[in-house]
Amino acid sequence: MNAKVLEKKFIVPFVLITSLFALWGFANDITNPMVAVFQTVMEIPASEAALVQLAFYGGYGTMAIPAALFASRYSYKAGILLGLALYAIGAFLFWPAAQYEIFNFFLVSLYILTFGLAFLETTANPYILAMGDPQTATRRLNFAQSFNPLGSITGMFVASQLVLTNLESDKRDAAGNLIFHTLSEAEKMSIRTHDLAEIRDPYIALGFVVVAVFIIIGLKKMPAVKIEEAGQISFKTAVSRLAQKAKYREGVIAQAFYVGVQIMCWTFIVQYAERLGFTKAEGQNFNIIAMAIFISSRFISTALMKYLKAEFMLMLFAIGGFLSILGVIFIDGVWGLYCLILTSGFMPLMFPTIYGIALYGLKEESTLGAAGLVMAIVGGALMPPLQGMIIDQGEVMGLPAVNFSFILPLICFVVIAIYGFRAWKILK
């Protein structure tokens, strides 16, 4: 008899925890296009603007292990509530950041916001895995993760329709060139104040939504799911055991490269489109199309897992991503942009599948193992500034630098494909 993906007693808690996946998806994807916005309005190079992503995902690296230790000592619910509190604080800090018009203040706000996201991901992912039979854990997490892109596409839509379309700094002349850099300092200051307020407002609204979710989960009685390692093994012992498990160890590496490819493809699609003459808002609309493909592929790939091994599908989809990125690099013009959009169709199963493969069979070390996989996110955050540095070159090896910069996602897909193959055929 096949094990159920989700038992009836877990439905309401599952729905509440799954809503968190949409919340961090929203934060991720309203933030991605802000790299291009800060680059223009603060008049900084792409490499410096990409520090937005380093700050955003750096919070994961800082807080993943503390979040795991906190959840182990108290409970998954306590970890989730603390995560929501930090999330709200970071969002509300956008108000003073916009008032003072300091780029580094925005970075600090994002850094604190992602302290909260680290708590949420470190606790919500293993909580979902624990809500039922271990045999269906990866399918259950893939299903829960299916709602993450719903938050993502909402964040993209808000960025496109409520922020990017209202930016004074993105006004162009008849030839399609930005005019912001040609204005007087007084005009720039006025526009900067206006545009930073446009950036600020969605984050403030988001803060209030997070507070509401905090109250709902705080008042709801959640099922007690045992956290195996609490009080049983030391931190050092858990780390030692994890380091000896090749499937886990290599999974952390693969996860870092997956996060890198996701951030780079969804952040720099705007710059790729701008080089072709599109506005930031139009570039973000292409990102929304990519996310729609991502969502559709998520549900399709989750259904296919009933018939195909997760490890095999991971390898297959990584090869597809590799081929589409080749088009991004070597096909100039709008067809290269279409290849970049298509790449999103190969990405949706990767994060939860790597997560499920790496954690499968772990017991006492499961929460700390989850923290290690969340920490891997910061590894991916190191890649966007490097891609920004390539873009700043203008041209590399006869190719537009923005095209050539996608050699980094190309390498990422190679690493993921190798992990999928090894997990399928070699690692036990």
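Using N, Cα and C of the backbone, Cβ positions are placed for all residues, glycine too.
Outside the transmembrane segment (10-30), and at least 6 residues removed from its termini, the chain residues within Cβ reach (under 8 Å) are 56, 80, 87, 113-114, 117, 120-121, 124, 127-128, 131-132, 144-145, 147-156, 158-159, 163, 202-203, 206, 209-210, 213, 216-217, 220, 222-223, 266, 287, 291. Under the heading transmembrane segment, Swiss-Prot lists 10-30 (among others), citing sequence analysis as support.
Summarising the annotation, Swiss-Prot assigns transmembrane segment to 51-71 (among others).
What Swiss-Prot records for 78-98 (among others) is transmembrane segment, and it gives sequence analysis as the kind of evidence.
Sequence annotations record features per position, and here Swiss-Prot assigns transmembrane segment to 100-120 (among others). Sequence-distant contacts of the transmembrane segment (100-120) (same chain, at least 6 residues past either end, Cβ-Cβ under 8 Å): 20, 23-24, 27, 31, 38, 42, 44, 51-52, 55-60, 62-64, 67, 70-71, 79-80, 82-91, 93-94, 192-193, 196, 199, 203, 210, 374.
Residues or ranges marked as transmembrane segment by Swiss-Prot: 147-167 (among others). Listed as Cβ neighbours of the transmembrane segment (147-167) (distance under 8 Å, sequence separation of 6 or more from its ends, same chain) are residues 18-19, 21-34, 37, 40-41, 195, 198-199, 201-202, 279-281, 284-285, 287-288, 291-292, 294-295, 298, 348.
The feature transmembrane segment is assigned by Swiss-Prot to 204-224 (among others), with sequence analysis given as support.
Summarising the annotation, Swiss-Prot assigns transmembrane segment to 250-270 (among others). Within its own chain, the transmembrane segment (250-270) has Cβ neighbours under 8 Å at 29, 32-33, 35-36, 50, 53, 57, 280, 283-284, 286-287, 290-291, 321, 337, 340-341, 343-344, 347, 350-351, 354-355, 357-359, 372-373, 375-384, 387-388, 391, 402, 405-406, 408-409, 411-413, 415-416, 419-420, 422-423, 427, counting only residues six or more beyond its boundaries.
Here Swiss-Prot flags 288-308 (among others) as transmembrane segment, drawing on sequence analysis.
Residues or ranges marked as transmembrane segment by Swiss-Prot on the basis of sequence analysis: 311-331 (among others). Using a Cβ-Cβ cut-off under 8 Å and counting only residues 6 or more beyond its ends in the same chain, the transmembrane segment (311-331) has close neighbours at 261, 272, 301, 304-305, 338-340, 342-343, 345-347, 349-350, 353-354, 357, 399, 403-404, 406-407, 409-410, 413-414, 416-417, 419-421, 423-424.
Here Swiss-Prot flags 339-359 (among others) as transmembrane segment, drawing on sequence analysis.
Residues or ranges marked as transmembrane segment by Swiss-Prot on the basis of sequence analysis: 371-391 (among others). Listed by sequence, the residues of this chain that lie at least six past the ends of the transmembrane segment (371-391) yet keep a Cβ under 8 A from its Cβ atoms are 35, 45-51, 53-54, 56-58, 60-62, 64-65, 67-68, 118, 121-122, 125, 242, 248, 251-253, 255-264, 267-268, 271, 354-355, 358-359, 401-402, 404-406, 408, 412.
Taken from Swiss-Prot, the feature transmembrane segment covers 401-421 (among others), and the record attributes it to sequence analysis.
For the transmembrane segment (401-421), the residues of the chain that approach it from at least six positions outside its boundaries are 250-251, 253-254, 257-258, 260-261, 264-265, 268, 271-272, 275, 311-319, 321-322, 325-326, 328-330, 332, 336, 340, 343, 346, 350, 354, 383, 386-387, 390-395, judged by C-beta separation under 8 angstroms. With a cut-off of 8 Å between Cβ atoms, the residues of this chain six or more beyond the transmembrane segment (204-224) that come close are 9-10, 12-13, 16, 19-20, 23, 26-27, 30, 75-77, 80-81, 84-85, 87-89, 91-92, 94-95, 116, 131. No contact links the transmembrane segment (78-98) to the transmembrane segment (288-308), because fewer than 3 Cβ pairs that are 6 or more residues apart lie under 8 A.
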